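Listed in TrEMBL:
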- 7-24: transmembrane segment (TRANSMEM)
- 36-60: transmembrane segment (TRANSMEM)
- 81-101: transmembrane segment (TRANSMEM)
- 121-139: transmembrane segment (TRANSMEM)
- 124-210: domain 'CAAX prenyl protease 2/Lysostaphin resistance protein A-like' (DOMAIN)
- 160-193: transmembrane segment (TRANSMEM)
- 199-219: transmembrane segment (TRANSMEM)
- 231-250: transmembrane segment (TRANSMEM)
- 270-292: transmembrane segment (TRANSMEM)
Amino acid sequence: MIKHKSAFLSGVSIYICFCILVASDSISNVFKTGSFAINILFSEILAFILPTIFMIALIRGNNKIRIPASTKQFKPKNIRFAIYLGIITCLISFLLNIFFLNLGNQDVSGVNPLGIDGRDIQRNFILYLIGLVIIPAFTKEIYFRGVLFTVFSRYAGTKIAIILSALVFAMLYLSFYTFAGAFILGLVLAWLTYIFKSIWYSVITHSVNTLCYLFMIWITDTYSAFGIWKYIIPVCLFILLLFIYMALVSTEKLLLSGRVPHFKPCTRPAKQAVCILTLNLGAIIFIISFFAKTVFKVI
C-alpha cells in the first residue's frame, strides 16, 4: 500500500500531462486536420482529460474526488466579477511576458509562444473560440482546480493548495518567459474555485483570459507594421487600472456580504505537507523533466 497515495498519484498525473504536452507536435500530426486550432484542441483534451480520468478512477473510497461544480452562487454580479478578473489577468500576463522577454533580450514576438497567425484567427474565429478558448478552459479547470486543488487542499490546507496548484499550472506552460503571468492566473483561478465552491467561475475567468489574449495576439500581429507596439503598453496599463478598480469594488461587496470563506488551515505542519506533495516519486520526475525541457533543452 502506497503511503499518501493521493499525493503520489497527483504527481504521476502531472507527469502524464507534461509528457502529452511535450509530445503535442506528434499528437497534432496524428490528428492532422489542417486547422491549427483543432490540432491544439486534441492535444489539450488528451493532456488534461486523461490525467483527470486517471485520478478519479484510482482515488476511491473516503478519498474519492468530487469536482466542485455548484451553481448556487451563479449570479450576474459574480459572473461580472469573473469576467473582470479574466481581463485583468490577461493584461497582467501580456505585460509581464513583454517585460521578461525584454529582460532576456528576446524578441517581443515571444508574447505569441504558439506562433499563431493573426489572419488565421480572423479567418477561423469560431474554431479558435471552441478549440483554444472554451473547451481548453473547461478541461484545464476540471484537472487543475477540480482534481489537483482538491487533493492538495486535503494535505496542505487552502493557502498552500492555491500556491502549489498555481505553480504546477504555470510550469505546464513550459516557458520561463510566460511563467509569472500564468502563475498569477493560477492563483486567481484557484481562489475563485475556493470562494464559490465551484469550477464554473474559474472556467469563465479562464475563457475570458484566453479570449482577450487571442485578441492581443491578433491586434499586435495584424497592426505591427503600423507601429502598434508604441501604443500597446500604455493602452493596456490604462485598461488594466480601470478593470482593477471595478474588480476591487466587486471584491469589497463580496467581503462585506460575508460570503468569502476563511482559508482552511493545514492539518499537519506546512513543511511536511509541502514535502508530501512535492517530494513523491511522480512529482520529482515531473520537476526534473520540467527543468530538462525549459532550462537545459534536452527534451
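For all residues, glycine too, the Cβ spot is worked out from N, Cα and C.
TrEMBL: automatically predicted annotations, no manual curation.
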Sequence-remote partners of the transmembrane segment (121-139) [C-beta within less than 8 Å, at least six residues beyond its ends]: 35, 37-38, 40-41, 44-45, 48-49, 52, 203, 206-207, 210-211, 214, 217-218, 222
Contact check, the transmembrane segment (231-250) vs the transmembrane segment (81-101), 3+ Cβ pairs under 8 Å, seq sep 6+: yes
Structural state census, the domain 'CAAX prenyl protease 2/Lysostaphin resistance protein A-like' (124-210) (DSSP three-state): 76 helix, 1 strand, 10 coil
Stretch-level contact, the transmembrane segment (270-292) and the transmembrane segment (160-193), CB cutoff 8 A, at least 3 pairs: yes
Segment-segment contact (the transmembrane segment (7-24); the transmembrane segment (81-101)) at 3 or more Cβ pairs under 8 Å: no
Mean of pLDDT values spanning the domain 'CAAX prenyl protease 2/Lysostaphin resistance protein A-like' (124-210): 96
Tertiary contacts of the transmembrane segment (81-101), as residues 6+ beyond its ends and Cβ separation under 8 Å: 107-108, 110-111, 176-182, 184-185, 188, 192, 201-202, 204-213, 216, 233, 236-237, 239-240, 243-244, 246-247, 250-251, 254
